[in-house]
Amino acid sequence: MTETDIKKGLAGVVVDYTAVSKVNPDTNSLLYRGYPVQDLAASKSFEEVALLLWNGELPSAGELADFVALERAGRALVPNVKAAIDLLPTTCHPMDVGRTAVSVMGANHPLAEDSSPEAELAKAKDLLAAFPAIVAYDQRRRRGLGVIEPRADLDYSQNFLWMTFGEEAAPEVVDAFRISMVLYAEHSFNASTFTARVITSTLSDLHSAVTGAIGALKGPLHGGANEAVMHTFEEIGIDKAESREDAAARAKTWMEAALAAKKKVMGFGHRVYKNGDSRVPTMKAALDKMIEHYDRAEMLGLYDGLEAAMNEAKAIKPNLDYPAGPTYHLMGFDTQMFTPLFIASRITGWTAHIMEQRAANALIRPLSAYNGPEQRAL
Ligand code: SDX
């Protein structure tokens, strides 16, 4: 084994096939089971996209109706999950709450140790239906507020916002939220998905694989970046009432200092996309609608200013987290809740990959090059 054989971070290493999605940096495109993600975001519900990722095909009207009924019936926070959340201090990170709640759901599930395709799909659907209540309750308890029960007359996105804020969100807010759920759902062998596949490859259970994936997603180099983007905006000062030019100038000053300090600026760059993240235009359009809806034009000064300053300095493009963070901020989600929102969506991609790994499994166990002391006597 020579130094050149080692691919740190598995950068550029193809380790297996997947039919779930295709990320193509050359064409800057992303396909979910062959469909361009921007086409799905323009016209499909998150429920339809979930079924597409799991089953490989868009659902028939009957298949969708059956899943919608199941999802709506599975939304309520079950007592021992709520009790487990209540044992956790409100000072802990909400990703720890999500990780714990999924573990309890695994302990609860009657099919937890059943890895048949039918059982895996049933568990995936249960997780998707139940997770919004966990995020909504955790945000509310941190504000000293109680549970808001789900409503079966609302779709997934409408109900998620209802349980979090206790009011029916405007249609344009619901649509921006739906778009974010579709865009965050799947992205081939990213760190958290690959974590789920590694855990599945040992023939461990689905909830263990999702719990591990949540741990990977928490990191700011991965899912935690959408929260970190908001911290950047807050650090620069997002609520100053000023002209877009003044905001852009402050953003440029901040970026220059960050890059001079060799900081990684959250929301920019990507291991696979090198000319921009295929999902950004669609998410940015949704952010623009939210900026108009909430009359926050000054935010564009910061947003555009940071992007221009990074482009000028290092030509590194934004990734999905960059427009997603401010969008969730405008909707009223606490910054720490942004990555749990990512979990709610990526449960679909993770579980689609778990099922794919299990269907054609090989234990994932790479090699290492030893660079410790040679054999020696005691
Ligand atoms: C997600 O993989 C996926 O598909 C993930 C994801 C998904 O949907 O699952 O798309 C979601 O995780 C998006 C990425 C969110 N993370 C961030 O926004 C964190 C900030 N980004 C960087 O940490 C970085 O861009 C990574 C980690 C995302 C990717 O980095 P790489 O491919 O490992 O490359 P690198 O860190 O070695 O950087 C190469 C060069 C370096 O410069 P030099 O040291 O060689 O001079 O580019 C620079 C880096 O310093 N660079 C950055 C930068 N990203 C790269 N410099 C400043 N800020 C950045 N954000």
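Think of each number as a place in line: the chain as shown, counted from 1.
Note that Cβ sites are derived from N, Cα and C of the backbone, with glycine treated the same way.
Just so you know, TrEMBL annotations never went through curation; they're auto-generated.
Marked as active site by TrEMBL: H270 (among others). Secondary structure at H270 (active site), as computed by DSSP, is coil.
Annotated active site per TrEMBL: D321 (among others), in sequence order. Secondary structure from DSSP puts D321 (active site) in a helix.
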Fewest Cβ neighbours within 10 Å, where candidates are the active-site residues H270, D321: H270
Whole-number Å value for how far D321 (active site) lies from H270 (active site) (Cα to Cα): 11
